[in-house]
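Everything on this sheet refers to the single structure shown next.
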Amino acid sequence: MITTPYFRLRSSVRTLNRVCFALVVAAALSLLWADLAVYPVDPWHELARIGRGVILPAWDEPRVLAESLGQTVAFALLAVVLAVPLGLLLAMLFHWRAVRYFCAAIRSVHELFWGLIFMQLYGLSATTGLLAILVPFTGVFAKVFAEIFEQQAHAPGQTLSPSLGTLKRYAYTLIPQSWSALLSYIRYRFECALRSSAILGFIGLPTLGFHLETAFKQGQYSEAGALLWAFVLLIATIRFWMKPVLLPFYIGLAIWLLPETVGFSNGGYLWQFVSVDIWPEPLRDAQWGAALQWYTTMFTDQVWPGLIQTLLLTQIALVLTAVVVLATYPFATRVLGGPLVRWPGRFLLLILRSTPEMVLAFVFLLLFGPSGLPAVLALALHNGGLIAFLVANASDAEAGGRVSRPDDPKGLLRYAYIETPRRFPAMLAFLFYRWEVILRESAIMGILGITTLGFYIDSAFEEIRYDRAFLLIAVTAILNILVDATSRRLRLMAHADTARR
Amino acid sequence: MSDQQVLFQLSAHSLELGGHTVLDAVSLSIRAGEKVALLGPSGAGKTTLLNQLYQQCPEQIALQPQGGGLVDLLSVYQNVFIGALDRVGTCAALWNLVRPLRTHRDAITKLTETLGLETKLWHSLDRLSGGQRQRVAIGRALYRQQPVFLGDEPVSSVDPLQAQMLLDYLLQQHETAVVSLHNRRLALEHFDRIIVMRDGRICCDRAATELDSEALDAFYQESSSPESEQPAPSETGWAITAS
Amino acid sequence: MSFLSRAMAVVMLALPTFALADTFVFTAIPDADESRLQQRFGKVADYLSEQLNVDVQYIPVKSYAAAITAFRNDQVQLAWFGGLSGVQARRLVPDSEALAQGYEDQFFKSYFIAHESAGMEAGESLSDALKGKTFTFGSKGSTSGRLMPEFYLREQFGAAPEEIFSRVGFSGDHSRTIAQVQSGAYQIGAVNFAVWEKELEEGKIDTNKVKVIWTTPTYPDYQWTIRGDVDARFGAGFKEKVRQVLLNMNDPDLLASFPRKSFVPASNDDYGPIESTAKAIGLLD
């Protein structure tokens with residue numbers, strides 16, 4: 001159908017600007033209340049040690065390193081291999097409201113928290129690790145697959161009999177139509193799964209994070225450096241070793257590499273967990289007054305203050321992420337960076353997105369002292385590096401294509417007049433997707449003494465108070481779902497979708 | 001003919017899309033057995049009208065939308081096979097993606113011979129030319145094996161001789177057909193009823209025998225307007241600007 | 001575990017993995033140096049296995065909470081807990097019992113340490129100069145890094161830590177606490193005395209930058225705790241046997257993993273004060 005692009009463009013730019021303006025104003029308002037104090041510190045001794053460790057990595061047990069690398073990949077690979085078909089099935093049913101809510105609920109809980117929950121049920125085991133990645137990833141796959149399907153042309157579907165079953169319809173039209181989009185998204189999520197798998201080491205699974213956390217905690221920075229480099233290398237080389245032909249072989253290898261479960265036998269614990277542990281005692285005893293009292297106290301002491309802190313941090317981190325993206329992506333593109341700058345630029349983005357936020361947050365804590373500032377910086381750099389990488393890739397994919405002209409301006413002018421306007425809608429879309437993620441991640445910054453929701457959730461697990469943990473996780477999940485819905489609305493309003501609509 | 005059942009019925013039907021009137025008080029009735037050609041300049045509402053008709057009894061219709069509704073990643077065989085999906089069980093349909101089903105393989109091989117595509121049977125669609133793609137789309141419509149054919153410019157990209165032959169074949173295989181065309185001669189030679197549209201309205205609806213080329217040309221000239229063709233912005237490469 | 005049973009773990013995610021009923025499993029998180037746990041405690045497992053005549057395995061965990069969880073759902077039957085985590089674990093598993101504690105754990109203590117910028121001097125008691133400073137505990141579930149320091153802060157000031165200090169963080173670990181206070185990221189910190197002494201000895205601490213300003217009274221800390229149902233599973237008298245084997249552990253190489261001089265008998269009652277302290281500050285109901 002013929003549209004009038006000029007009119008559309010003008011109106012969509014106006015909405016786009018309005019949405020961006022609203023976000024910046026919200027972040028500026030958050031600055032007024034957010035706790036971003038800078039404390040005088042004396043970090044150079046410790047920072048020098050960290051620097052030495054990163055420059056001179058050392059690891060004297062290659063076997064342990066290889067094993068944990070292997071297990072990091074094994075968890076990620078198996079979880080993705082299982083989550084993709086499940087996500088696909090749910091995406092086909094995404095027109096059911098119940099399915100949409102279910103997916104929103106399972107993806108709104110951070111992998112670490114899923115890990116902590118499944119650990120109550122399955123102990124420290126391969127099952128726990130797999131489920132911790134598998135469950136939220138299934139929710140994410142379902143949502144994104146459904147969105148990809150929505151963007152496909154309707155014509156092929158129209159040539160089918162209207163009474164055709166869903167499975168056949170998808171197998172012959174929507175899935176092959178969107179095949180390359182699905183594959184590239186799965187590839188991207190596999191990288192995310194590797195990060196999640198590494199991070200799960202923080203709670204005890206035998207992946208890279210296990211050793212990284214220990215090395216960092218004990219101040220053994222050259223070991224931490226070696227682990228970080230190993231992880232960066234793993235991420236950087238994915239496209240060289242992750243060949244579809246080798247997938248069956250890798251799956252077999254991954255199953256063989258899974259850690260064995262030691263001594264876990266109590267399977268009857270599930271019922272106890274869902275029926276007793278996660279409910280406050282007064283509620284279980286049907287003392288309604290006391291139960292109300294319990295919830296009120298929780299709300300005023302933890303839920304409300306945690307909610308405010310989380311939202312303030314998220315809002316600032318979101319806008320700062322956009323700044324990081326705009327500042328870094330040109331260095332990693334073919335047309336703006338050029339051959340000399342592009343590889344260092346890509347390397348910088350690789351480092352930013354491969355370094356866990358916790359590590360970044362710790363370095364900034366040493367630099368600026370304890371406040372929201374290290375958290376905001378860590379979140380913005382990590383997520384900014386990730387989005388800038390995706391934006392730069394999109395630019396490279398277009399370089400030399402139909403839309404480029406030999407008389408295009410160069411350098412800064414090209415950045416301002418050609419590349420940034422072209423990338424902006426997609427960048428905004430990525431940013432909105434990451435909003436949810438930033439929200440989830442801002443919850444894990446307890447070391448900074450910032451009482452986000454995640455701080456209280458972590459405390460509840462430490463104190464073995466699953467009733468509190470459950471309530472707080474539920475609140476976080478609801479908040480996530482709200483943010484998700486808001487970001488979807490804003491995305492539609494700003495026409496930020498990369499596809500036509 | 002008048003004793004045949006009425007398949008499509010529109011009375012003073014109007015439709016607005018995005019503030020534009022695309023169908024303006026269209027009244028129309030088409031009976032089973034009729035072969036109707038739909039003419040008119042671009043933007044006259046032919047595609048919209050076909051879509052309205054499709055919605056009236058989708059389960060009896062083999063539809064060939066503009067562009068064919070093809071799936072690029074799949075082979076010619078699979079794209080034609082899609083027409084038979086409602087005749088095959090789910091498991092068999094899924095298995096067919098891995099290994100073509102024998103009976104369908106034979107039937108579709110035969111069909112592609114008629115279409116002149118026998119050497120391309122296992123090529124994926126993105127490797128084909130525009131004319132070849134259109135023949136695949138025709139193949140799918142034929143393989144739907146429905147009594148009614150609705151085609152939106154079904155032969156616009158194939159060469160004139162082939163267009164004649166394919167159109168003949170399509171009309172022979174379907175009891176009823178409503179086909180939009182831009183070639184007036186094809187309309188006059190192959191169809192028994194011609195409807196001309198302009199600005200969302202039906203401005204002529206007569207038996208083909210009552211019309212000739214010149215009479216049809218008149219409808220086009222009256223309405224030809226400069227803004228009707230608009231180049232897609234992404235197609236204006238630098239070569240055009242430079243010339 | 002064979003390839004097959006690993007594959008089963010993948011296929012039947014919803015089902016619990018298979019039990020290795022005849023293996024006696026323990027876990028331990030030492031208060032200092034958590035690196036190479038598997039190698040160091042593998043040796044302890046070998047010693048226990050040899051002495052007890054059962055298959056013994058060690059699994060490493062990352063936090064007290066994970067240790068308690070594993071103990072509760074019977075993934076481990078024996079654990080080297082901190083004072084507080086032992087109390088929490090024994091409340092969750094009926095009939096479980098403290099068997100032995102480290103020699104040093106009979107009179108454990110915590111240090112309050114300060115960065116030089118805080119301008120604090122060592123004193124007999126916690127002074128009002130602490131007010132408004134930034135402060136970090138160790139791990140949230142630690143006895144020496146959290147529970148006892150918080151108890152004495154509340155006793156001295158009659159207020160919660162968040163009201164005394166301008167900011168309260170949880171470094172997650174004693175070594176981190178020292179590093180963060182030494183770098184000035186936090187001005188004050190509370191730390192396990194044994195870790196401080198060890199790092200001082202190893203030359204990791206610059207006493208011009210960070211020093212001890214107060215020492216808590218002594219309290220009981222780390223102990224071995226065993227599940228009550230081990231006798232039923234591994235034979236009558238098994239619990240006593242484990243206690244004896246732990247008390248007889250005198251190989252310095254094994255003891256260095258904890259690190260403790262030796263183990264001495266302990267009972268649940270020894271930890272009564274810890275339990276009441278935890279209740280007093282709201283960590284236990």
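Just so it is clear, glycine is given a Cβ too, placed from its N, Cα and C backbone atoms.
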Candidate ranges A:39-59, A:375-395 [criterion: TrEMBL lists as transmembrane segment]: A:375-395
Transmembrane segment according to TrEMBL, located in which of A:416-436, A:437-457: A:437-457
Given ranges A:17-33, A:170-186, the stretch to which TrEMBL attaches the annotation transmembrane segment: A:170-186
Which of A:69-91, A:170-186, A:307-327, A:347-369 contacts the transmembrane segment (A:469-486) most, counting Cβ pairs under 8 Å: A:307-327
Proximity of the transmembrane segment (A:69-91) to the transmembrane segment (A:347-369), 3+ C-beta pairs under 8 angstroms: no
Result, the transmembrane segment (A:112-135) in contact with the transmembrane segment (A:193-212) (3+ CB pairs under 8 Å): yes
Same-chain residues at least 6 beyond the ends of the transmembrane segment (A:307-327) whose Cβ lies under 8 Å from its Cβ atoms: 23-24, 26-27, 30-31, 33-36, 372, 375-377, 379-381, 383-385, 387-388, 391, 420, 427, 431, 434-435, 438-439, 442-443, 445, 450-454, 475-476, 479, 483
